[in-house]
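Let me begin by presenting the structure, written as C-alpha cells, before commenting on it.
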Amino acid sequence: MHPHDQTIFALSSGRPPSAIAIVRLSGVGAGPALQTLTGKLPPPRLATRALLRDDRGDPIDDAVVLWFPGPASATGEDVAELHVHGSRAVITTLVSLLSAMPQMRAADRGEFTRRAFENGKIDLTEAEGLDDLIHADTDRQRRQALRQLKGLLGDKARSWRDQIIQAAALIEAGIDFADEGDVPAELIAPALAWIRQLLAEIEEVLAAQGRAERLRDGLTVVIAGPPNAGKSTLMNQLARREVAIVSPHAGTTRDLIEVALDLDGYPVTVIDTAGIRQTDDPVEQEGVRRARDRAAQADLVLWLTEDDQAELERQTDGPIWFVRNKIDLMITEQSGAISVSPESPVFAISARSGAGMSDLLEALVGFARDYFGATEHGLITRERQRTWLSETAAALRRSIAAVDLGEELAAEELRIAALALGRLLGRVDVEDLLDVIFREFCIGK
C-alpha cells in the first residue's frame, strides 16, 4: 500500500485517440500541479478554460480544468481534473510532466475509490456498488448497482449496527443494576424485543435467495448437441451478428465461444460448444470435454436435436430445452414451441431462416425473469455481504438464547453482531480484503 503523502494521477477516460480525455489528480500535490500547468489555481468547483504549458513555457493544449479542494471532494483530498483533447501526443506529454513532479505518481487500480473509502466518503458496500455500476452490461444491472452505490445496504447496515449497540447498552445497564439486586425487567424486555425485530429484518434480507447476486453474475445458457446440428448458427441468431464460424463440415467449433446478451434487461451469457461425439482427434476430444463440463455447469442447456438426450441428462442437474433445428428442410414440421413440458420443453426452429426464433426468445426471457426474480428488492450482491449478514443474524440468535444464561453472555453476542456489521461496512479489520476489492476497479477510478 502506498503512503497518502503521495499525489496520484491517472487517465480516467477511455483509450486515446478520443474527442476528450480526462486526467484526474488526488492528494496534497494536486493544487501545486494545477498551478504549475496553468499558472494559477482556478476558482473551486467551476469549470475554467486554461492553456496548459510545459516546464519550458511551451503550450501543451487548450483545456478545461476543475479544482476541488478537500475535504469537499470525491476522495476527501484535494482533487484536480484536466479535460484535454484526447490525442496520444497531448496525453503522453501531460503524463510525462506529472510523473516528473515531486511526490507524484501514477495511480493503482481503484486507488481513487480506495482513498474515498479510507477518508470516509463511502463505505465498502458503496464501493462495491460503484464497481458493479462500472461493469454493468444491462439496464437492470445498472439500476441494482446504483441502489447499492446510493447506500441502500450500507444505510440499513449502519442503522442495524446503531440499534444493536443501543440494545447492548440497555442490557449492560441492567448488568450494572444487578450489582444492587435483580436485573430490572423493564431494561431487558425492550432490549429483547428490539433484537428480535432486528433479527427478523436481517433474516428477510437473507431469505431473498441470492437474486441480486444472480443479477450481478448473470445467467449462463449453453448451446450443446452433436456436430453439425446448427449450434453456431443458433448462436449467431441469438447474438444477431456473426460471432461463430458456420460451416457445413462437422467439427468446425473446437473451443467454447461466449457472447454476452441483454435479454429484456437481464444479463445472459450464451456459450457455443463443440459438437459432442466420439472422436479420435485429440483437439476435438478436448473440445468435447469442455462442452460437457460447461453443460454441467450451465443454468440452462439448449440441446439441438434429440440425440443422446439421456447421456446429456446424466451430466447436468439443470434444466434442458430440446431444440429441433433445420425445420426449413422438413416440409411437414411446424415451427415454434411444440411441447410445453416445464421440465424439458421442445422447440422447433430454423436457425438459418429464423423461423421459430421468436418463440424461443420469448421463452428465454420468461426463464430469465423467473431465474432472477424480483431483484429490485434484493440488497445482497456479493458473497462477502451475505457472509457478514449471516454472522450478524447468528450472533443475534445466540444473544436471545443467552439472556436466560446470563446478561453478560447476551451483551457479548451483541458486540459480535455489531462487529460483523462493521466488517460488512468495511470499518473493522478488513485491510487484507481491500486490496482484493479495489484491484477489480479500472485505472483512474
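Positions of Cβ are set from backbone N, Cα and C atoms, glycine also.
Some features that Swiss-Prot has for this protein:
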| type | residues | note |
| --- | --- | --- |
| BINDING | R24, E81, K121, K445 | (6S)-5-formyl-5,6,7,8-tetrahydrofolate binding site |
| DOMAIN | 218-369 | domain 'TrmE-type G' |
| BINDING | 228-233, 247-253, 272-275, 350-352 | GTP binding site |
| BINDING | S232, T253 | Mg(2+) binding site |
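This view paints the features noted in Swiss-Prot onto the structure.
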residue: R24; record: (6S)-5-formyl-5,6,7,8-tetrahydrofolate binding site; DSSP (3 states): strand
residue: E81; record: (6S)-5-formyl-5,6,7,8-tetrahydrofolate binding site; DSSP (3 states): strand
residue: K121; record: (6S)-5-formyl-5,6,7,8-tetrahydrofolate binding site; DSSP (3 states): coil
residue: N228; record: GTP binding site; DSSP (3 states): coil
residue: A274; record: GTP binding site; DSSP (3 states): coil
residue: A351; record: GTP binding site; DSSP (3 states): coil
Cα distance (Å, whole number) from A351 (GTP binding site) to S232 (Mg(2+) binding site): 9
Shortest C-alpha distance to K121 ((6S)-5-formyl-5,6,7,8-tetrahydrofolate binding site) - which of the binding-site residues N228, K231, A351: K231
Residue with minimal Cβ packing [other Cβ atoms within 10 Å] among the binding-site residues N228, S232: N228
Inter-residue Cα distance where the pair is K231 (GTP binding site) and E81 ((6S)-5-formyl-5,6,7,8-tetrahydrofolate binding site), in Å: 49
Site with most surrounding Cβ atoms, counting all protein chains shown within 10 Å, from the binding-site residues R24, K231: K231
Distance, A274 (GTP binding site) to R24 ((6S)-5-formyl-5,6,7,8-tetrahydrofolate binding site) (CA atoms, angstrom): 46
Sparsest Cβ surroundings (other CB atoms within 10 Å) among the binding-site residues E81, K121, A274, A351: K121
